[in-house]
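Accompanying notes for the structure given below.
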Ligand code: GLN
Ligand code: ZN
């Protein structure tokens, strides 16, 4: 008889409620004699978390041990598969830190001599993992001393610790190889390494071990035969793990999508439980109706042989759960087999606790609509007591209070602004359409009088220490609002003068006044709430505070017009108005779940549309609407992508199509390869798109040429992510490649992305190179 889990969560954050790990890491990186402190802080955090979860009523507590940076990176270390270039790093693995700690950090962050590993977004979240670097000859040696020591500690402390490992299919599917080989040829080897680990975990008394296989919610492979082969090998691998595990129960966990494929692939081989996400794609009204599965139709592959850990509490958004409704789902499932209660994903993606969030002190209503990590754990515990019939009176009250809160949110005027709703109802396709590009281009060329191959930048200029200090002083009251404003005006003037001196054609104000390209706007829009302490790990020691988009979004007053005016007053050259697009405004926020994302995006779009109109009235001839995150929200399954792209494109066009022919709309995209999305870039119908290109060898150019792209385009010719000033030759070559792929009349010359993380010296030197390249190329175009 296998044991059962009644109440758990799918995973835990590591950075600490007050970002304790971040601070200890950064201290250690500055001074490695502080290793003892880092070890102590990490141990305390893990122990504290285990105690909290146990006290809150969970009967199985996921643990990743002391995880110092990222779980994918931990997995590489555990499997002995850190990049070979870090093997010789002199390691300070003493003071209670894992033996490989400095090699781990060298892989994650690079050193003065060695490049860092690539980092990319974890599925469709804003969390970044360190991409494993493998090759055909990678050997997987189990290096489990650190994990076993940590777990041993957890077990002796008496918490029901459940080690969480990244499953072989997911680990390898997200890996890259340095030699072009297929990482998945290692699938059996990784299973074998885990098969060696499992008895060692069992020996230490682990009752459960969890394998995360979120890759099983994707299409896995576009090729049906390859997909079938991978799934068959995965099944065989888990069969071997079950055999190796002895009395230890295995839990296979998926998240961010439908867990049915995981169950269908792995049922009947002795896995004890499947953990699944029952939130994504199921929240009321959030998705199109055809993906909103009724409780009775959930998980057709689940026959009740294995236990189901039903993730009914949202692990990646911050809304309070409607407990009554979740309980209905749980009961419907419990009629089919054994069910335990869990979250839809790891709590890594939400802040620790509402209790410490001071920004809500004056807004009890909004607070009552929310649940952060600790509150979600409590929800799981209540639901589990209700499901097992061990509830208390307090639990019944909790159900009623939660129901009222959810209903209150839906009915509140703060979430439903009738004036705005009348306006969105009246939006027609015509509002999303401009005149044909040819016609616009003619007018814009006359209006702007730019040279061929115009030069520009993406928006931000270096956010210097002085700028950040000024903002900190404003917060602390050491600068008045007026003094801060003047400091920013001076900065804008300086940035304009520098651009004039460098000979750029289209200028920007430099964005010194923006703390962050989403938060800056969210602070000025109604329907958004900015938090004080609601930190979420983004990668390594870096945390972000995504604002909360809780209600109908409206713009009380212009947001950027004054800064545009200031900037334009210092120059006769055109200054671009600079805005963040609707999709990116959603992607980097916690977004309401009570209406389709597309409806929310349209509300943001209308606010931007008004802002653009005000910018035009203030004299802006060019307006850029950044959409760096458009690729990030792309659904994991191909079948769901067209619907997403339709609303994403629709919202961008609603924001930008209100202008007349003479106004030139720019957009900017980065963070990924856009080759497959080039059709979408065209659909946005921006007059000019600047796009990251130099890091992947301008591959986007082929896509542009093959698709017959006719709009203006600026493939980035300077990789701003590298602190190196590019050689003249390099930029000349990139620009010439661009000229071969795209007619000169369409081409713009710009860097890959904004410059806020760069210093002034490298920025000035690099822009000189960029402008010189454009001038040279112009001579040949004119000839
Ligand atoms: N305009 C923004 C900037 O230059 C764009 C940032 C981005 O693409 N992520 O900083
Ligand atoms: Zn960018």
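Backbone N, Cα and C atoms are what each Cβ position is placed from, and that goes for glycine too.
Residues 458, 459, 460, 626 are given by TrEMBL as L-methionine binders; from 396, 511, 513, 676, that same site also lists 511. The candidate list 692, 740 contains one residue that TrEMBL assigns to the Zn(2+) 1 site with 668, 670, 683, 753, namely 692.
TrEMBL names 19, 20, 21, 22, 121, 126, 542, 543, 588 for binding 5-methyltetrahydropteroyltri-L-glutamate. Of 188, 491, 497, 632, the residue it gives for the same site is 632. Checking the recorded positions 121, 460, 542, 670, 721, 753 against ligand 2, the ones with a C-beta less than 6 Å from an atom of that molecule are 670, 753. Listed in sequence order, the recorded positions among 626, 670, 721 whose CB lies under 6 angstroms from an atom of ligand 1 come out as 626, 670.
For the recorded positions 19, 121, 542, 668, 721, the ranking by surrounding Cβ atoms (within 10 Å, all protein chains) places 668 first. Distances between the Cα of residue 683 (Zn(2+) 1 binding site) and those of the binding-site residues 19, 21, 692 are shortest for 692. In space, 721 is the closest of the recorded positions 459, 511, 692, 721, 753 to residue 21 (5-methyltetrahydropteroyltri-L-glutamate binding site), judged by Cα positions. Here the domain 'Cobalamin-independent methionine synthase MetE N-terminal' (8-335) has a mean pLDDT of 93 out of 100. Residue 753 (Zn(2+) binding site) is 6 Å away from residue 458 (L-methionine binding site) when you measure Cα to Cα.
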